[in-house]
Amino acid sequence: VFALFIHTPILLIGFLKGIWHCYWEYDHLKGIPGSDLTVYDIGFQTDFKVYLQLRQTWLAFMIILCGVEVIIILMLIFLRNRIRIAIALLKEGSRAIGYIMSTLFYPIVTFLLIAICISYWAVTAVFLATSGEAVYKVMANQTLCKYANLTCDPETFNTTNVTKLCPGAQCTFAFYGGESLYHKYIFIFQLANAFVFLWLVNFAIALGQCTLAGAFASYYWAYRKPADIPLWPLFSSFGRAIRYHTGSLAFGALILAIVQLIRVILEYLDHKLKGTQNSFTRFLLCCLKCCFWCLEKFLKFINRNAYIMIAIYGKNFCTSAKEAFFLLMRNVVRVAVLDKVTDFLLFLGKILVAGGVGVLAFFFFTQRIPVFGQEVPMLNYYWVPLLTVIIGSYLVAHGFFSVYAMCVDTLFLCFCEDLERNDGSTAKPYFMSASLHRILGKKKLSPKKA
């Protein structure tokens, strides 16, 4: 949160400087031969410096930066109060992560589990694809040859009577696989393998979400923080998720995997029918793809909050999903505002991390910094490794910022539950922290017990 406060003005100033630089380059190229050409005129070029010699390129950069600058300023003006609430939740989440530092390393566990799932799927898919044998068939020039299209053995083909009865016939390779019942349904087995892969990946993600939710819920429901926080909350939450909630997590992952498999089949059908002229079929596929995409997003949202309720109360998936859904519907305004504002702040943090790493990588690639006393040779096309570094750093930042997102979602759901279960009296005190209680506008906070 402190980094966001520091870097947001720096980001705005950086955008202004970028706009001024784009305008200066646009004005500086005026009158230079060839600078008035368009990107369409020069086509695709591997050297990015060619595009920097065009006025149209700097004009496009300037328009994009101006649009982003205006959007950020408008959001800061009109959503300042809601951003303040989201920042309060981020502060509380930072405090919770500060007490449970081990949660920052849990994305590594999820990454390893997903890597195992990918390895299992890849090895199984390769074995299925190469489980057949080469099939050879007789190719005859004569149409009346009775041996045409029959299987043959290329090693013993010349010793048979086929060449005598059908002059010019050859034993040629037809396809790779087989003609048994197993080989006829090899595509079904590949779909089953893909379904198992999706199920395992969703289960690994669900296990991580439930584990983190249990750890952060133990922080929120501790009346005296940090004295009442259990010892090793992350490991305790992981043990509870494995011992008691495996079935619920697997059921939630199963529902999501079915929808994702349907989306994969629809994409396959769309690819196969892309060359057809049937407009109704293409329209129907487009509608189905859109509907199942929305359904997948909705199920991910429901599953995420259901796992939080599972971690808090230990109920089954269906009951937890129903309670989470109605709890969010009773606080739908807060959900809509805080979710989007928090996502924007976390996205801004990811962009800052990726941008900072990108600037360092650009400086390293262009300034030829010596490494271990030896000068690094100049790269001809440094944009490819630069984009690789930026995308990789963004994905790493996304993995660790997902812990913050899960923390904020858990604290928000616990806060809504706290407001409904308690009233701030001595008999039913609030469990929220004093700072969160003050910002969220409750009138009275009961004194803490001795």
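The backbone N, Cα and C atoms fix where each Cβ goes, glycine too.
Bear in mind that TrEMBL entries carry predicted annotations, made automatically and left uncurated.
Database features (TrEMBL):
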type	residues	note
TRANSMEM	58-79	transmembrane segment
TRANSMEM	99-123	transmembrane segment
TRANSMEM	196-223	transmembrane segment
TRANSMEM	244-266	transmembrane segment
TRANSMEM	344-365	transmembrane segment
TRANSMEM	386-406	transmembrane segment
Quiz item: Same-chain Cβ contacts of the transmembrane segment (196-223) under 8 Å, 6 or more residues past its ends?
Solution: 93, 96, 99-100, 103, 106-107, 109-110, 113-114, 117-118, 120-121, 229-230, 233-234, 236-238, 240-242, 245, 249-250, 252-254, 256-257, 260-261, 303-304, 307-308, 310-312, 403, 406-407, 409-411, 414-415, 418, 429, 431-432, 448-449
Self-check item: Stretch of maximal Cβ-Cβ contact with the transmembrane segment (99-123) [cut-off: under 8 Å; candidates 58-79, 244-266, 386-406]
Solution: 386-406
Self-check item: Long-range environment of the transmembrane segment (58-79) - Cβ separation under 8 angstroms, sequence gap at least 6
Solution: 8, 11-12, 15-16, 18-19, 22-23, 25-26, 29, 52, 341, 344
